[in-house]
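For reference, the structure is listed below as structure tokens.
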């Protein structure tokens, strides 16, 4: 037993030494930032950032990746919503990394950085230190801490001036920037705008998206010299995705759905189901506001549109005075939602839902009033 314990500690010690005592890079080493295009999965809608270390003299060609996560994590989605899901750093060979993106038909671009040998060594050491057991895990945040910001921090920490932030398309609010990636995916855009709170309405001050970081690198100069020597297209996706003007995942399709539902709202059962769903959403958003550690999900006025009071409206119709009072409260809540978002893209994106809610409330209030008279 004692021998096994000694052997285990020996293996752990050797493993730590493998990362902490990596051999120095040769003067032929090159460090590049790799930017990957968007994908079809929800987690890949904004692209990906990684960093490559290529030293042919030392036989090193690695891609370091800070976007790793494990779907087998217990309560994965609960941890993701709460904001304590651990992502981790890892590396693979350049060949394997590129092959995976070619397989997914996602664009890959590479930007070699014009660095001194000391700067290369500094980045190399930081990358390897980030693989140590005490450093490799980090709590993922939508904006403040993701695969791109981790690479931004490593690069900025090794050069004399930070990478340029105010590039084209990166100077508006976080919400506007995120929405610009979802123009052909309305329901994803609707969901993101409903779940994100007031933090994303602030003006952006970060490089938190892959292609904006790529653009910032291309426009950054250090002591009058470009930081990036070239932007290389490693892989260009085959073909383009044609998005039909009347796609099911579009604002126009949702407007048609809302129009049909508006007609069906004359039915008591349809209104009841709609009110219950709205109320449940409200309870969810209200709970997330207390439960989640994601700053982006806090102070969310969507709870005014999806007011939890909606949940009880179908069950108090016989209590006319109480029903009338709660209906007025929910209407005031929806009006407050409109006023608070009057200058935000959020209102325009959620407008069909707002109109459907007002229509359903108006029908319900008219019927209650008729019963009272």
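Heads up, the Cβ atoms here are built off N, Cα and C, so glycines get one too.
Residues or ranges marked as signal peptide by TrEMBL: 1-20.
Here TrEMBL flags 27-179 as domain 'Lnb N-terminal periplasmic'.
The transmembrane segment annotation in TrEMBL covers 246-266 (among others). A Cβ distance under 8 Å defines the sequence-distant neighbours of the transmembrane segment (246-266), meaning residues of its chain 6+ beyond its ends; these are 184-188, 190, 274, 349, 352-353, 355-356, 359-360, 363.
Summarising the annotation, TrEMBL assigns transmembrane segment to 273-291 (among others).
Residues or ranges marked as transmembrane segment by TrEMBL: 297-316 (among others).
Annotated transmembrane segment per TrEMBL: 323-342 (among others), in sequence order.
Residues 179, 189-190, 193-194, 251, 254-255, 258, 261-262, 265-266, 271, 274-275, 278, 302, 305, 313, 317, 320, 323-324, 327-328, 330-331, 334, 337-338, 341 of the same chain lie 6 or more positions beyond the ends of the transmembrane segment (348-368) yet place their CB under 8 Å from a CB of it. The transmembrane segment annotation in TrEMBL covers 348-368 (among others).
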(request) Sort out the residues at least 6 away from either end of the transmembrane segment (273-291), same chain, that have Cβ-Cβ distances under 8 Å to it, and list them. (result) 81-82, 194-195, 197, 261, 265, 297-300, 302-303, 305-314, 356-357, 360, 364
